[in-house]
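Engineer: After the structure tokens below, expect a handful of questions from me.
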Amino acid sequence: MQSNHPMMKSMTVVVVGGGVVGFSTAVCIAEALPYCSVTLIADRFTPDTTSDVAAGILICSPFPDIPLEQQQRWFKETIDHLLAIAQSEQASEAGVLLSSGWQIHKELPVDKVPFWSAFVLGFRIMTDRELKRFPDHKFGQAFTTVKCECSNYLPWMEKRFRKAGGQVVKQKVNDLQELSSQGYDVIVNCSGLGAKSLVGDSQVYPVRGQVLKVQAPWLQHFIRDGEGQSYIYPGMHSVTVGGTRQVDDWRLEVDPEDSQDILERCSSLEPSLSRARVLGESVGLRPSRKNVRVEREMVLLGSRQVPVVHNYGHGGWGVSLSWGTALEALGLVRKCLHERPPRARL
């Protein structure tokens, strides 16, 4: 079916979720399918999303049951999309920058060369001379990747979405049934941790992350402990230091003990941090799942079978896989629209 087919002018798509995955998906659909009217509905927007807490550095751990080639494609499509922004005049407004540094390991990792290593820039194994400053670590990887700061990126994406004709609504959706009266042709679920209640997915669980923003403009390189517990990510306006990985912990309040622990761990990697001024602390709940869910299903809403495209459960890798899984979701939306029976014209 051609995209300029007259019947398709009136297609309506709703995206639920206003984080980096929701806005990426909404932008992909609105830009690729001009015959669709796309609405994004969320109860929280920047700066109050999980994405806003994320340091937004592009690396990733693999999901166990998704083909590695697919995960490589998602990562590559995302980093290529962000590299193009980083190399454009929009970079500072969009909050996208290049960041070089080291990922260090106390023990030899199973994957000395991670699945994403071909898509970051200049990936190599660290030399003994470089590792010398990290005496507790025996192996490391050096590379340049992208850092995507969502407090800039989300407003920039919202502007891009509106420019493509998208509409944004602030509203809490507790149940997909609430959307049945609107008669949407396709519903796209990018609700992250909200999917637990929105679609009753018991496989979604929070992994609590606490970070501090500190003023340390002399730090130019990121340092990440391979286990992902401790990290130092210099950004546009401050340095993000973290973190915690507390499974099934729903606390959104800042824990002073965690902050103390984070500062001690990160200062052992970078002693000058002990002199850095703390600018703020924040907590985010990673929307974790054994495997990210990017698939479609038919759901009975009222008396109507409606296609729902799911795109959630990215855990700590929402920014890293955002554009790739958005393109995947776009492909599923196209399929739903092209297979859709013509609506009765009354």
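Backbone N, Cα and C define each Cβ position, glycine as well.
Whatever TrEMBL says is automated annotation, not expert-curated.
Not my notes, these are from TrEMBL:
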BINDING   Asp43, Arg44, Thr50, Ser51, Val173  FAD binding site
BINDING   Tyr231, Arg286, Gly316  D-dopa binding site
DOMAIN    13-327  domain 'FAD dependent oxidoreductase'
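Buried or exposed, and what's around them? Tell me for each listed feature.
Structural biologist: For Ser51 (FAD binding site), other Cβ atoms within 10 Å of its Cβ number 26.
Under 8 Å, Cβ to Cβ, and six or more positions away along its own chain, Gly316 (D-dopa binding site) finds Ala54, Ser61, Val207, Gly209, Gly228, Arg286, Ser288.
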Engineer: Max Cα-Cα distance in Å among Asp43, Arg44, Thr50, Ser51, Val173, the residues listed as binding FAD?
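Structural biologist: Those residues reach a largest Cα separation of 19 Å.
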Engineer: Using a 10 Å cut-off on Cβ-Cβ distances across all protein chains shown, tell me which of the binding-site residues (Arg44, Arg286) has the largest neighbour count.
Structural biologist: Arg286
Engineer: Given the binding-site residues Asp43, Arg44, Ser51, Val173, which one's Cα is the least distant from that of Tyr231 (D-dopa binding site)?
Structural biologist: Ser51
Engineer: Within 10 Å of the Cβ of Val173 (FAD binding site), how many other Cβ atoms can be counted across all chains shown?
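Structural biologist: The answer is 21.
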